[in-house]
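Participant: Dropping a structure here in structure tokens format, bear with me for questions.
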Amino acid sequence: MALRYLNKFSLLSLAVPTLAAPIGSSFGVPGTDALYDYVVVGAGNAGAPVAYRLAETGHTVALVEAGSLYEYGNGNLSQIPANSLFFIGKDPEWTNNLVDWNFVTSPQAEWNNASVHYASGKVLGGSTGRNLMTYHLPTKGSLDRWAEDVSDESWNFDNMLPYIMKSQRFTPPNNNLRFRNATPTYDPAVLGRRGRLDVTYPNYANGLASWLVRGFRDIGLAAIRGLNGGQLIGSAYTLSTIQPGNQHRASSKTAYLDPLIGRNLNLIIYQSTHAKRILFSNDTVATGVRVSSEGQEYTLSARNEVIVSAGAFKTPQLLMVSGIGPAANLERYGIPLVADRPGVGQNLQDHTLAGPSYRVNAITGSSNSIPEFITEAQRQYNSNPPRGVLTNTGVDILGWEKVPEQLRGNFSTETEDALASLPEDWPELEYLPVYGYFGDQNNYMVTPNDGFNYLTIAAAVVSPLSRGTVDIASNDTEVNPIIDPRWFAHPGDIQVAVAGFRRSRALMASPAMAGITLGGESYPGTDVQTDDEIVEWLREASNTVHHACCTAGMGPRDNPDSVVDTQGRVIGVSGLRIVDASIMPFLPPGHPISIIYGLAERIAESILADA
């Protein structure tokens, strides 16, 4: 899927017409103490929406972000959908530190002791400026379970749907630019039209998608009416976070920050600024944040609240260096205890994926190494309206299922019991057909370059039973935390992954797909057959789907493992909230950005109600 830089577009999204003030007026002065109504740490999936909602209602907001503009740091490798796989592989040496935190996990025992690069956006927009732009809702049953687990019905599916829709600005697909047999079906009643975040279907659907619809049907995954009404089991085209006009990435930056920059000076952004620690008065009242810009430390104080939205890794780190977390962890680094919350940094959950690759008789991202192909792709993208392969991330149709009965024979009783505890509509596997070659996922740009086009059927474990941790390596937040996802630590995840691999093969052997493959399986190849051989391959070739969450979990106040209550307020202190993926009680099936946007809208309303 390697695509070249298209430099013409690298700064287009920075154009801000009809300004009320110079753009620079929206950015803070490094080294100068300042007072605001609210200080928000992290300008990502949740932090940017919260800052927007507070600022638009007249409150002053300091938004602290360690990164800067992804348009500068990554250019079109961030903006153009087809480039979104750059720099997100497992190889720690293949990253872009201008836009990435360069997180590397501790050695993963079940992945051959590999230390894995965990791509994470260090930019305005956070990982919404780096991800694959896949957008859909979780299942109804999973959010109903969320409400049950936290003892608050306001978090169930029916009550959260309006907040998710509040964030959405859905544009129907331009079916005149898509193949006639690639028309998505969807329910307009569950898609918002007046929100900030652009969601749509890309102007190009790969020709393989229509074959995949039939292939999914052949193996028992019926086509369903979109992925946004609380149902996932089946198959459907997925929405993407794409701006419909220019077909650029839509992120929390484009949705919630760009509209305010140079227009609403209630929001002041401190970019390239690290949050060092949360400050407290009277021991437990949060009053501000000590920050650092280019080595200059200063204080941003909050009249009302401090809101941490730094993500599943940096949020627990910031809490711990500020004195909130497991007492024993803090004692190791001489950090004074503010609140003993043993759940901080615990319960890390994530999705993993891997899949076989095939040569196919169709155009895929493998053709991007052909100069003539790229030239034509650029011409189409530069047209009005933009069209062609560059408008598509390379993943546009998804499939979901519980593992079929015939593949559950090797599941242990422990695995069956754990999976049986999930809601009935919760799929155990997600299938992501990727129009290119995955290989061992160390570097997605490494392909055979043999003149053939490839298709990979990646299977993701979306019912993870393994649990990991995040810990501090120092009392300094500029030293990355210790991240231990413990992927495959629970044998059930390996058992489900084996089943997913076999089902990926079954899809490609289906009557619908058999006619488009050229030869047999290219990777890992037909020598990998037994469960033991598949497991050995999975340990080498699996990667994260980058859905880390749950490290500062929401729950009842009387539960000692709860870190926040159902309004995002940190238990044991006052004036401090968390609003990001870390407070999710568990990881729902699928891609979580929709629920994180909804979570941000929901808690922003709570903050304003308490103002």
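Glycine residues also receive a Cβ, built from the backbone N, Cα and C atoms like all the rest.
It should be emphasised that the depicted structure is a prediction, and the values quoted were computed from it without experimental measurement.
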Participant: With Asn45, Ala46, Glu65, Ala66, Asn131, Leu132, Met133, Thr134, Ala581, Pro592, Ile593 listed by Swiss-Prot as binding FAD, identify the candidate in Val123, Val573 belonging to that site.
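Facilitator: When Swiss-Prot describes the FAD site, the candidate it includes is Val123.
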Participant: Among Asn181, Asn282, find the residue to which Swiss-Prot assigns the annotation N-linked glycosylation site.
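Facilitator: Asn282, according to Swiss-Prot.
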Participant: Quiz question: given the active-site residues His547, His591, which has the greatest number of C-beta atoms lying within 10 angstroms of its own C-beta?
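Facilitator: That would be His591, with the most Cβ atoms nearby.
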Participant: From the Cα of His591 (active site, proton acceptor) across to the Cα of Asn282 (N-linked glycosylation site), what is the distance in angstrom?
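Facilitator: About 41 Å separate the Cα atoms of these two residues.
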Participant: Per 10 Å Cβ neighbour count, which of the recorded positions Asn76, Thr134, Asn282, Asn410 ranks highest?
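Facilitator: Per the Cβ count, the most surrounded site is Asn76.
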Participant: Give the helix, strand or coil assignment DSSP yields for Thr134 (FAD binding site).
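Facilitator: Reduced to three states, the DSSP call for Thr134 (FAD binding site) is strand.
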Participant: Counting Cβ atoms within 10 Å across all protein chains shown, which of the recorded positions Asn45, Asn113, Asn475 comes out on top?
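Facilitator: Selected residue: Asn45.
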Participant: Taking only the recorded positions Asn113, Asn475, His547, which one has a CA atom nearest to the CA atom of Leu132 (FAD binding site)?
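Facilitator: Closest by Cα: His547.
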Participant: Report the nearest neighbour of Asn475 (N-linked glycosylation site) in space among the binding-site residues Glu65, Val123, Thr134, Pro592, comparing Cα positions.
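Facilitator: So, of the listed binding-site residues, the one sitting closest to Asn475 (N-linked glycosylation site) is Glu65.
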Participant: Going along the chain, which residues six or more apart from Val123 (FAD binding site) have their CB under 8 A from its CB?
Facilitator: Glu65, Gly67, Ser68, Leu69, Tyr70, Gly73, Asn74, Ser78, Val99, Gly129, Arg130, Lys253
